[in-house]
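Written out below as structure tokens is the structure these notes cover.
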Amino acid sequence: MSTPEITPAAVTFRVPAGTPAGAAMRELGLPNKGPEAIVCVKETEGESAGQLRDLSWVPQQDVEVAAVPANTDEGRGVIRHSCAHVLAQAVQKEFPGTKLGIGPAIDNGFYYDFQVAEPFTPEDLNKLEKTMKKIIKSGQKFERKAYDDVEQARAEYADEPFKTELIADKGNVDPDSDEATEVGAGELTAYSNVNPRTGEVEWYDLCRGPHVPTTRYIPAFALTRSSAAYWRGDQSKAGLQRIYGTAWESKEALAEYQTMMAEAEKRDHRRLGQELDLFSFPDEIGSGFPVFHPDGGIVRLEMEEHSRKRHIASGYSFVNTPHVTKGDLFQKSGHLDFYADGMFPPMQLDGETDDEGNVTKPAQDYYAKPMNCPMHNLIFASRGRSYRELPLRLFEFGTVYRYEKSGVIHGLTRARGFTQDDAHIYCTEDQLEQELTTVLEFIISLLRDYGLDDFYLELSTKDPNKFVGSDEIWERSTEILERVATKSGLELVPDPAGAAFYGPKISVQARDAIGRTWQMSTVQLDFNLPERFNLEYTAPDGSKQRPIMIHRALFGSIERFFGVLLEHYAGAFPAWLAPHQVVGIPVADEFNEYLENFAADLRAQGIRAEVDTSDDRMQKKIRNHTTGKVPFMLLVGGRDVEANAVSFRFLDGTQVNGVPREDALRIISNWIAERRNDQPSSELIQPLVEV
């Protein structure tokens, strides 16, 4: 009988007071090498539950912790942040005089910002990688140091202006910001890279940690690119150079990631959008504001139309609200208190002056709306509501505007102006569980309609330091959300303290064709806005009761979902979404009329069909429409005309010849009507031809 294998991710153990966590870990025989090497521990109880700690950490009292292996998301984050330190050490060694910005771990990698005399070149990155490998091979130790006071830290970083600014801001940075990596809550600390042979400090940096024990715990990394950046993402502040990299628990994991990224580059929706003439981002309009071209407009229309039909069938009422509103509305909703940085500056309207220029009526602030929910609340509150009307489901394709910093804008997936498939549901507490179940089932069903079918759920729960409403209602609603999520049968991943202040949330995460995860849909409970807007309904006993509000957006935004689908399908949309569903390609001009007649029959059934009558040779036409991702290409020559038939050509290069016209019409119309998401091919079409 073989020895059972310990799964590091499942291991919890107690660390006695006065004992380093790493020593307690070693007594258990947990791995310190390979992809499952333990890189840090996580507290599991008390007020510090969820806090990551170095293996060198010595607790003052007995404490239970969980081992964090390298091959977990948290473990990779620690490896990447440690690798960012190695990068910064290498930069200051190779480019003396460089000033340090910040260097956090990010999704799948890390970055570090530097103030340097000249932008980094690809050759510079190659040189830095070599220096980093030497540092990693030397096995430098990461040692934590806590400062007694701010002045001590300020003196130590006197030559680092960006660090001294962070030190001055200690305790006042957004806990979710990248800067919090260095000066978040708790002690002001730094980490030194220590030579294991001499004990000398080779380099140090302001940082909260944690870090891997030594640089040898960074087995695989790569620098990926450099770009311009601004200090703290503010264009009015100093210009910097940012180097991006990635780090993994093994060379195999790094190679797998690099293969996926190479495929992702081919699928980049920004490149495909230009190649397929789907959308653009004109400089004259501004960064983050996409313009959809005719072909992209068709795809978007099909996406919206199918969603609209499904919503109507599911009992949603369509509403429409304006793009701009008075600032008082967002004051009432709390957006100006909690979300002002994400809104565009106000416009001052409705002011009046007399002939001498004296103000007779003060102007009011108007804002482009960042969210639709306040206006939907006004619709609910526009008249008295009865319990018989609940659940009330208000739905809108509502365009919103959010001031995203230029550095985070990314094509369609992170824009400044976008349209949400936004719904707000008002229900009683007794209806909540069934309504959440119905919403989640609807989300999964609709996403599957578009060809996404690999999901897991994430449950975001209360941040004990930032919430409204009673503990009781949070606990009850979180239990309901967890029960609904569990009933779905999908994997449920906890996100402790990840909820917004106004209620717990389930998010649907979808994996695409190359295994990347995208957050698609959110189902968010809200205990805040019904109170702020004094929303009420009349209960059966005649009393006035507060409804529970559910926010939900299935696509996130139309634009983002468009970009995700474009990359998922590598530009080859399913036939029902494709802007050009059928293109006829005559072998010679004499067959144009025959194909035009057949295309007319297809168009009569609502199919987007056309004939390529250009002067290009047939093979060039085939190449053009293959590049254009047309799912059905119909070739016609003399034999086809004689047999009253057409020949199919598919994107994979296969063909089915001599298909009778009636069969071809039936096959194409059924394929599109069924909204099949697979690409047609000879293997799939041949069996559909009647013998």
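Placed from the backbone N, Cα and C atoms, the Cβ positions cover glycine too.
With His424, His551 listed by Swiss-Prot as binding Zn(2+), the candidate from Cys207, Cys373 annotated for that site turns out to be Cys373.
DSSP assigns His424 (Zn(2+) binding site) to a strand in the three-state reduction.
Proximity of Cys373 (Zn(2+) binding site) to non-local residues of its own chain (separation of 6 or more, Cβ distance below 8 Å) is seen for Ser333, Asp422, His424, Asp526, Leu529, Met549, His551, given in sequence order. For the Zn(2+) site, the Cβ centre of Cys373, His424, His551 serves as reference, and the other residues of the chain with Cβ at most 8 Å from it are Met371, Asn372, His376, Asn377, Asp422, Ala423, Gln524, Asp526, Leu529, Met549, Ile550, Arg552.
With every protein chain in view, the residue among the binding-site residues His424, His551 whose Cβ has the most Cβ partners within 10 Å turns out to be His424.
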